[in-house]
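Reading through the structure tokens given below for one structure.
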Amino acid sequence: MTPAFAPLSPNQQILPLTAETNSRGHLVIGGCDVVELVAQFGSPLYILDEITFRTACRQYVDTFQHSYGGDTLVLYASKAWNSLATCALAHSEGLGIDVASGGELYTALAAGVPASKIYFHGNNKSPQELLYALEVNCTIVADNWLELERLAAYAEEHDLGMPPRVMLRLTPGIECHTHEYIRTGHLDSKFGFDPQQFPELLRFARAHPELDWVGLHAHIGSQIFEQQPHLDLCIVLVEWLQAAREAMLPMRELNVGGGLGIRYIETDNPPAIAPWSKAISHHLSHACRDRNLALPKLICEPGRSIVGPAAVTAYTVGSRKTIPGLRTYIAVDGGMSDNPRPITYQAQYTALCANRMTAAATDTVCIAGKHCESGDILLPAATLPPLQPNDILVIASTGAYNYSMASNYNRLTRPAAVLVCEGEANLILQRETYADLTAHDVLPLRLTLTT
Ligand SMILES: *Cc1c(COP(=O)(O)O)cnc(C)c1O
């Protein structure tokens, strides 16, 4: 099945592109009634809309291909939502996968993604992870000297057939306006090499021809609404590329990272995927032409803007607590374990009542999770129709950094996820069971004897 291409930019929509309201006043996503999905698959439930996911992938792939003039590759930054289904979906749209751990690498490979299209990031890859990456022959984005020394040593010791592909991640010193914890491009960051050391890096690379030095990488942060930082980054990368080529290292790939923001609330106004990608393509190709440099392969690695707007989380409404003159708390059956972003980054979201979409939003309430933390608040002030127990509350744009950051705090079982498309819903993550929760617990024998 190849769903129709939708013209809207998913990252500018709060709800998935297929969202509509049916005659019962229920929210419908991917042709599936959300209330019925919860009845069938349980609550809370992640609902991933295939058309929105595919549309975002296509907008990136098509725009880079049409605007750049050289080879391009879009990588899905899978840490946003790493699973067999999301990796397989991205791969089926022609994307490669960016992974940041052995576990993410394992999942991408298990989803059928060839290692030739996998890029392995991370500021502290373990020796085991490096060996795994070398064994499967994915591209390694080297982040520090320890890693470079280990890679050179392994490549000398083992006959790997082909020299391992290595990119260098540098910290470009570009400031952008986003939350401090998700900013990575400024010089004081745990990620990447200090550009001051670039000459030294080039000397190291020249001294180690047993590694294939494919190119350079930088990532300046996440949930970015300005275009300028990425355009500045293009220039910085091209200057480094020129220096590398002048130092007789014929690097051939530039990776501009990810970071394009999405609309979580009405006032968010990110650039659309296509014009953003086009501006980067043009800026990079012009910067290369100005310097008479053959065009490198342009790589971009969006995560949030591909999967974020494609999913919603459906919860069931439970208890209510009204503190007169102060606030009304409405509790749902999940919270910081399935969406840690509000408590971690003060992230804001939009909520809807999925079973009464046409009812007037007359109440302002605080949507609380069910965890034993006062800070477990999903939305401090949501405007909604008056909510009753068993209503289905939907929080939008939860595709990115929700499931992937989920925990079992308070031993809640992690939710199920379904992929919806044209009226069909496929389970892509099973709901955890209580037995799953103790599956890795070990009870030493002497503790069983004391009771
Ligand atoms: C997180 C990350 C991305 C993706 O960022 P988004 O904001 O989700 O697009 C890309 N590259 C690297 C190296 C990252 O760490």
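Positions of Cβ are set from backbone N, Cα and C atoms, glycine also.
Record check, TrEMBL: pyridoxal 5'-phosphate site residues include Gly259, Glu301, Pro302, Gly303, Arg304, and the candidate from Tyr349, Tyr401, Tyr403 also listed there is Tyr401. Close contacts with ligand 1, defined as a Cβ under 6 Å from any of its atoms, occur at Arg304 among the binding-site residues Arg304, Tyr345, Tyr401. Here the Cα atom of Gly259 (pyridoxal 5'-phosphate binding site) is found 12 Å from that of Lys79 (N6-(pyridoxal phosphate)lysine).
Taking only the Cα positions, the spacing between Tyr345 (substrate binding site) and Tyr401 (pyridoxal 5'-phosphate binding site) is 11 angstrom. The Cβ of Tyr401 (pyridoxal 5'-phosphate binding site) has 24 other Cβ atoms within 10 Å, all protein chains considered. Contacts of Lys79 (N6-(pyridoxal phosphate)lysine) defined by a Cβ separation under 8 A and a same-chain sequence distance of 6+ are given as Asp98, Val99, Ala100, Glu104, Gly303, Tyr401, Ser404, in order along the sequence. A Cβ within 8 Å of the Cβ centre of Gly259, Glu301, Pro302, Gly303, Arg304, Tyr401, the residues given for pyridoxal 5'-phosphate, is found for these other residues of the same chain: Ala77, Ala80, Ser222, Gly258, Leu260, Ser305, Ile306, Gly308, Ala400. The two recorded residues Glu301 (pyridoxal 5'-phosphate binding site) and Arg341 (substrate binding site) have their Cα atoms spaced 21 Å from each other.
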